[in-house]
Amino acid sequence: MATSTPSRAREHASAAQSPGSPTRISRMQEKEDLRHLNDRLAAYIERVRSLEADKSLLKIQLEEREEVSSREVTNLRQLYETELADARKLLDQTANERARLQVELGKVREEYRQLQARNSKKENDLSLAQNQLRDLESKLNTKEAELATALSGKRGLEEQLQEQRAQIAGLESSLRDTTKQLHDEMLWRVDLENKMQTIREQLDFQKNIHTQEVKEIKKRHDTRIVEIDSGRRVEFESKLAEALQELRRDHEQQILEYKEHLEKNFSAKLENAQLAAAKNSDYASATREEIMATKLRVDTLSSQLNHYQKQNSALEAKVRDLQDMLDRAHDMHRRQMTEKDREVTEIRQTLQGQLEEYEQLLDVKLALDMEINAYRKMLEGEEQRLKLSPSPSQRSTVSRASTSQTSRLLRGKKRKLDETGRSVTKRSYKVVQQASSTGPVSVEDIDPEGNYVRLLNNTEEDFSLHGWVVKRMHMSLPEIAFKLPCRFILKSSQRVTIWAAGAGAVHSPPTDLVWKSQKTWGTGDNIKITLLDSTGEECAERTLYRVIGEEGETDEDFVEEEELERQFRSQSHQSVDPSCSIM
């Protein structure tokens with residue numbers, strides 16, 4: 001490929017002679033680069049040939065497809081024109097149906113105002129009944145407290161009565177023992193008196209015996225004296241008189257000692273008996289006085305007990321009367337609540353029926369708008385490809401672009417000219433949210449841009465959301481779930497906003513939480529947010545729908561629809577149970 005001069009040949013020879021010279025190395029490098037470039041050129045040529053073959057094949061297929069599409073377009077154009085005429089007829093029918101529904105909505109609104117007035121009257125009656133019930137309950141609690149106090153006093157008096165009865169029984173037992181002891185002492189005294197009388201009789205008897213003995217001795221002595229000598233009679237008589245005198249003195253001394261001893265014993269025993277009798281008499285007197293005092297106290301306690309029993313009976317009768325009044329009030333309240341629930345159920349059914357009709361109308365309208373837009377785009381594409389002039393009705397068609405605003409109702413009717421000079425109108429759509437809840441916390445709002453989801457505590461108490469989960473579901477998006485932090489407490493009537501990471505919000509608990517692992521909550525139609533408690537049971541949900549407006553609507557129409565929707569929401573919020581609000 002390259003020619004070399006004689007000098008270069010010499011250089012080659014010298015390079016061959018010196019294998020490690022720089023010239024030889026550069027030549028070898030150039031040779032290698034040239035070989036690589038040749039390989040790349042061959043591959044490129046092969047690739048170009050392959051692409052040219054594919055191009056010729058694709059040209060053949062394109063020609064065949066153009067022939068087929070031209071035939072199909074001719075058939076489809078006729079079919080689309082027929083279906084478009086049918087769609088226009090259906091749109092006219094839908095407009096007529098909408099006018100009829102607006103008239104019915106006015107009637108329903110009037111009926112709702114009447115039901116609301118009647119409901120407010122029932123609520124006032126219910127509040128009055130509840131106030132009366134609270135007053136009766138407070139009076140009942142007061143009477144129950146007084147009854148409990150009286151019963152406690154009665155129990156105390158009964159305990160005191162039992163104690164007094166026990167004391168009376170003890171005193172009566174002591175009195176019986178004392179009486180028995182006094183009786184025994186009296187018997188002992190009588191026995192001692194009998195013994196003393198017996199001793200006295202024995203003493204008299206011995207005196208008589210002694211006197212008789214003395215007389216007999218004297219008689220015998222006199223007899224002996226007669227026999228004795230008269231000379232010694234005087235001496236003997238004197239000695240006998242002395243002996244008798246001494247014997248009499250000894251006998252009298254013995255009698256006196258025995259009498260003194262007997263009197264001392266009797267006096268001591270009698271004194272002991274008298275002391276015991278006096279002591280027993282004092283004890284019996286004290287016992288009698290104590291028994292009298294106890295009887296008096298028992299009578300007093302019995303009278304107090306009868307008085308408290310009468311008061312207790314009166315209070316029980318009063319409690320029964322209050323209980324009857326309370327039962328009647330409860331029955332009346334139950335009947336009023338049943339009537340109110342029935343009316344609320346009827347109102348809710350009426351509103352639910354109207355809402356379902358409205359949703360069906362919106363679904364039909366949305367389907368028609370989507371189908372008309374699809375037909376219009378296909379016809380415009382075919383007209384541009386076939387270079388056909390658009391019809392006058394097609395010049396005035398509108399294409400409404402869906403844009404999201406925070407007002408949930410988007411509208412735009414400013415006309416502008418596109419590049420072809422045709423009049424174009426931005427299409428607006430409404431964002432409708434439907435919610436329900438069965439627990440204390442509800443899903444208050446869903447951002448159409450997917451930036452946040454807001455929860456609301458509907459109660460007057462703090463509520464713990466430990467273990468609760470907020471889940472998003474969509475037909476074309478994967479299911480995602482956000483678990484609320486541990487020990488998270490939502491204050492009464494407070495809101496918490498859960499921001500996506502892409503919204504750029506600041507994490508500020510407990511009012512603002514940031515989901516750092518999720519860029520957005522998602523956008524589109526039919527986005528559903530559900531709130532699950534710690535057991536996995538669904539407590540609240542909210543669904544976001546996008547409803548496209550009609551072509552002929554003006555700003556005033558959208559304003560009127562927005563006003564009707566706001567009134568409908570406020571009326572639904574007032575009439576429906578707070579646990580199941582419909583928006």
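Cβ coordinates are placed from backbone N, Cα and C, and glycine is handled just like the others.
For 1-30 (among others), the entry in Swiss-Prot reads region 'Disordered'.
The annotation region 'Head' is assigned in Swiss-Prot to 2-32.
According to Swiss-Prot, the feature compositional bias 'Polar residues' maps to 15-26 (among others).
For SER21 (among others), the entry in Swiss-Prot reads phosphoserine, with the evidence type similarity to another entry.
Among the features that Swiss-Prot reports, domain 'IF rod' is placed at 30-386. On the 0 to 100 pLDDT scale, the model's mean across the domain 'IF rod' (30-386) is 80.
Taking H, G and I as helix, E and B as strand and the rest as coil, DSSP gives the region 'Coil 1A' (33-67) the counts 35 helix, 0 strand, 0 coil. For 33-67, the entry in Swiss-Prot reads region 'Coil 1A'.
Residues or ranges marked as region 'Linker 1' by Swiss-Prot: 68-79.
Per Swiss-Prot, the feature region 'Coil 1B' maps to 80-215.
Taken from Swiss-Prot, the feature region 'Linker 2' covers 216-242.
Among the features that Swiss-Prot reports, region 'Coil 2' is placed at 243-384.
The region 'Disordered' annotation in Swiss-Prot covers 383-431 (among others).
The region 'Tail' annotation in Swiss-Prot covers 385-580.
What Swiss-Prot records for 390-408 (among others) is compositional bias 'Polar residues'.
According to Swiss-Prot, the phosphoserine annotation covers SER391 (among others).
Residues or ranges marked as domain 'LTD' in Swiss-Prot (evidence: sequence analysis): 429-546.
Annotated S-farnesyl cysteine per Swiss-Prot: CYS580, in sequence order, evidence recorded as similarity to another entry.
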Worksheet item: Could you count the residues of the region 'Coil 2' (243-384) that DSSP puts in helix, in strand and in coil?
Response: 142 helix, 0 strand, 0 coil
Worksheet item: With DSSP helix as H/G/I and strand as E/B, how many residues of the region 'Coil 1B' (80-215) fall in helix, strand and coil?
Response: 136 helix, 0 strand, 0 coil
Practice prompt. On the DSSP side of things, how many residues of the region 'Linker 1' (68-79) fall into helix, strand and coil, could you say?
Written response: 12 helix, 0 strand, 0 coil
